[in-house]
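Undergrad: Please read through the structure below; I'll follow up with questions.
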């Protein structure tokens, strides 16, 4: 009995100590007039909000900007983006700037509640005080929208706010970004944006069983909104090494000539980044390109030549039949009469063939696409099912979806053909199961206002 009593006593003392550490006091409400905010700070805050892509997670499909409601899927359930308009009742209109800073740095709201790490304060903690102030100025001058916040739908005790405090105790390291004196000003600016507001690692870094980023595998590939977020380090599936120039084009235009078009969750990010100065986008590209800098330059150049040659050899020639022709490195050709090849010839080859029927919008050769070389078929299946569409009223690449046209066995056969013909990687396992999952659980379409 004494042992049991001792264990209970230790547990009670430990919990009391943890609760005392986790307790955060409520900050008194404070109303601010939009007129008091400096126009320069508001303009700067608008750019920062674009860098952080705040509108996407804080705007439900078809809803008012920043009024919340967007469902963020996690392995533990769903967390909904909160209302961050200056409405005093349901938004942040009663938040003093100190409360906003605490939320960004420590993940605690004005009332002292711990925020769930679906809100990436593990990245936002790196933002400077001046930038937090500018972002606050921008948000507090948006249109107030009265819209109640939806409670999270997490598993069991994870709905308990103290679980977020425990997560922070293990994984949150607070404090602004510290520049690396060994790197250039441009590199440091890019690192600040990517590691902080951009929170790129939130999707592009794998997570552990508790949902924290594996810092030892930073940018080694992860998941974002049901899509595979490819590795940005040396493990990148891109056949051709990402250069700073290609990354800058991709981040600015949503297209890179040796890699392809942005799709899925990257589309609203690209639209948001258009609001940033060119030098900021260039800095981000410089930093991300450095993540895979460990590769030998000569080997990288040779790899690029091989990949470009392979992609050219594998481009499909149209012969007016239900077969496709592929070339070997020694010049030999072979016809592929598989079901997947026939489906490709009928549904895809009009655009995805050598010569390009539509040269202005001709897709990148599939042999160069990271989607085709990815470790799993998720992204390819997303694109086949739903296509690629520009935002309403905007120009951009367009590909129709085939979710209502092709059967599941046809899509599986098509994916197998694309993988085998346009890459030198092994066949994807479980394509049918992945497709079934995507069919049953379509992802919400995020749009940047």
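Cβ from N, Cα, C; glycine included.
Nobody curates TrEMBL annotations by hand; they come from automatic prediction.
Just so it is clear, the model here is predicted, and its values are computed rather than measured.
From TrEMBL, here are the annotated features:
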type: DOMAIN; residues: 40-143; note: domain 'Cytochrome c'
type: BINDING; residues: 54, 57, 58; note: heme c 1 binding site
type: DOMAIN; residues: 185-292; note: domain 'Cytochrome c'
type: BINDING; residues: 200, 203, 204; note: heme c 2 binding site
type: DOMAIN; residues: 335-422; note: domain 'Cytochrome c'
type: BINDING; residues: 348, 351, 352; note: heme c 3 binding site
type: REGION; residues: 429-449; note: region 'Disordered'
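Give me the structural setting of these features: burial, nearby parts and distances.
TA: Across the residues of the domain 'Cytochrome c' (40-143), the predicted structure has a mean pLDDT of 97.
Following the DSSP three-state reduction, the secondary structure of residue 204 (heme c 2 binding site) is helix.
Residue 351 (heme c 3 binding site) falls outside any helix or strand according to DSSP and counts as coil.
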Undergrad: Just name the most isolated of the binding-site residues 57, 200, 203, 348, 351, going by other Cβ atoms within 10 Å of its Cβ.
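TA: Relative to the other binding-site residues in 57, 200, 203, 348, 351, 351 has the fewest Cβ atoms within 10 Å.
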Undergrad: Within the domain 'Cytochrome c' (40-143), how many residues are helix, strand or coil going by DSSP?
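TA: The composition, in the requested order, is 41 helix, 12 strand, 51 coil.
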Undergrad: Tell me which residues of the chain lie with their Cβ under 8 angstroms from that of residue 204 (heme c 2 binding site), as long as they are six or more apart in sequence?
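TA: Sequence-distant Cβ neighbours: 219, 220, 221, 222, 224, 229, 230, 231, 232.
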Undergrad: Any idea what the Cα distance is from residue 200 (heme c 2 binding site) over to residue 348 (heme c 3 binding site), rounded to a whole Å?
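TA: That comes out at 32 Å between the alpha carbons.
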Undergrad: Counting other Cβ atoms within 10 Å, pick out the least crowded of the binding-site residues 58, 352.
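TA: Across 58, 352, these binding-site residues, the one with fewest Cβ atoms within 10 Å is 352.
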Undergrad: Please report how many Å separate the Cα atom of residue 351 (heme c 3 binding site) from that of residue 203 (heme c 2 binding site), as a whole number.
TA: 30
Undergrad: Determine the Cβ neighbour count for residue 54 (heme c 1 binding site): the number of other Cβ atoms within 10 Å of its Cβ.
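TA: I count 22 other Cβ atoms within 10 Å of it.
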